[in-house]
Amino acid sequence: MAKYHDCNVTIVMYVNKVGPYFNPHETYHYYSLPVCRPEKIEHKSLSLGEVLDGDRMAVSLYEILFKKDEERKTLCKVVLKEADVQQLRSAIEDLYYFEFAIDQLPLRGFIGRLEEGSFLPHHHEVYLWVHLHFNIEYNGDQIIAVNVSTKEHQPVKMDEDIHGSINVTFTYSVKWFKTDLPYEQRAKRLSDNRFFPKTLEIHWLSIINSMVLVFLLIGFVVIILTRVLKNDFARYNMDDEELDDLDQDDNGWKTIHTDVFRFPRYKSLFCSILGVGAQFLALATGILLMALCGLFNVHKHGSMNTASVILYAFTSWIAGYVSSRMYKRMNGENWVWNVNLTTCLFGAPFFVIWSVENTVAWAYHSTQALPATTIILLGAMWIFGGYPLTVLGGIFGKNFAGGFDAPCRTKNIPRELPEVPWYRSAFAHMLIGGFLPFSAISVELYYIFATVWGREQYTLYGVLFVVFGILISVTMCVSIALTYFQLSTEDYRWWWRSIFSAGSTGASSYSTRSSTTSNART
């Protein structure tokens, strides 16, 4: 909370980044453009979340004094060469916007404008804004709101056929306004003055539809468990002779009770998936609870990025514990390999994909490329935090794992699998298992991806928490129902299919992400 008691106190303005308006993940440093810049660029210390968000703030040349108005003050004079003019023309044609910051409040505006001319042949004029007008509101000794405009000032035309160089003078004005809005409510004022479009709203119809789907699925599963299975649980405690007599009349899932708890193939990988899934479940729950408690600035998501990285490292013990415990109960012996597989199951593919993206961003000098210090910091967090906690959780999971207390005895010779129709195949189950949970969260998922890949600012954390609970409930019910249908066809290989049936929701989510990304860039 910055306070300015003296009217002559200098307000530091930071320049941050520029990039295309419709592509939030293509950003460059503001000083990469041929604009006013100091002889020695002084960068601001940023948090981990701000660096991950692509921020690269540096001190600007703007001289702003608290409560002191300025009128058309010269910032600098720049000689633009032919290459500089072409660079600015290309940026303006791509609708580049700039982002500054005053007292942790962002200011955004376009660096130029286009004027469409004739359609055939196509022709347009490109203009560069060389004057910025800053409107700053204050309450007492605190800054409440800031805004930037270019009205009432003519831009400079950037002709395509310029040869040689042109002289451009950049100027700015400052106007201070007094307001009664308290400092604690300036986030609300920031949400009202939005540079990017605001389309997020609470969609009650979608939420009600999802809740109805949850109630129907839960009721369906409860009916199955109470009316179909209740009378059959007692048979598992009978003697073998009694079971042989009863098996003559059994059919469906009842005939495979001696194979249903046969351990799956590749049980080390299976247990690692369970462990990583439990970790991400805890991670998502923690982030949502922190957001509901108001620990994040909803208009600056750098704090959420920082919390996600730290929580991922500190929840690594959950992955090691769950994976190692289940692996031990399945009579697994090479628990060291299981722990290493658990810690690399998500980290290794993520590192490979990130390396490619970061290399491309670095080659194009984008601010989305992480600096070396941040990479070393993240690597140290994994080496000295995430990996040791995974190993520690694996040790506790192995030592505290009991035996696999199955309610049915498993025969040594597996039962022959019958042929099943196509609508009961694994692919059909994956389609059904992925479609139902996806239909319950599709609307909310679109807004989430619009926040990640677009310009939206997601603030409906209460609604998101409800949808998160709906997703877990629907996934649970669908998994139970599809597992029952699979066992009814006398197919006891339910372990892996239970993961892929409900996990296929991710494939539907990926298709939504692709469409959201394409819409954001068109």
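Cβ atoms here come from the backbone N, Cα and C positions, even for glycine.
Whatever TrEMBL says is automated annotation, not expert-curated.
Tertiary neighbourhood of the transmembrane segment (202-225): same-chain residues 436, 439-441, 443-444, 460, 463, 466-467, 470, 473-474, 477-478, 480-481, 484, selected by CB-CB distance under 8 Å and a gap of 6+ residues from either end. Positions annotated as transmembrane segment by TrEMBL: 202-225 (among others).
Sequence annotations record features per position, and here TrEMBL assigns transmembrane segment to 269-298 (among others).
Marked as transmembrane segment by TrEMBL: 304-323 (among others).
Here TrEMBL flags 335-355 (among others) as transmembrane segment.
Counting only same-chain residues 6+ beyond the ends of the transmembrane segment (375-401), those with a CB under 8 A from a CB of the stretch are 48, 309-310, 312-314, 316-329, 335, 338-339, 342-343, 347. The transmembrane segment annotation in TrEMBL covers 375-401 (among others).
Taken from TrEMBL, the feature transmembrane segment covers 422-449 (among others).
Per TrEMBL, transmembrane segment is recorded for 461-485 (among others). Tertiary neighbourhood of the transmembrane segment (461-485): same-chain residues 202, 207, 210-211, 213-214, 217-218, 220-221, 224-225, 253, 284-285, 288, 291-292, 424, 429, 432-433, 436-437, 440-441, 444, 448, 494, 497-498, 501-502, 505, selected by CB-CB distance under 8 Å and a gap of 6+ residues from either end.
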Q.
Need a quick answer: max count of Cβ pairs under 8 Å to the transmembrane segment (335-355), which of 269-298, 304-323, 422-449 is it?
A. 269-298
Q. Which residues of the same chain, at least 6 past either end of the transmembrane segment (304-323), have a Cβ under 8 Å from a Cβ in it?
A. 47-49, 52-53, 271-272, 274-276, 278-279, 282-283, 286-287, 290-291, 295-296, 338-339, 342-343, 378, 381-382, 385-387, 389-397
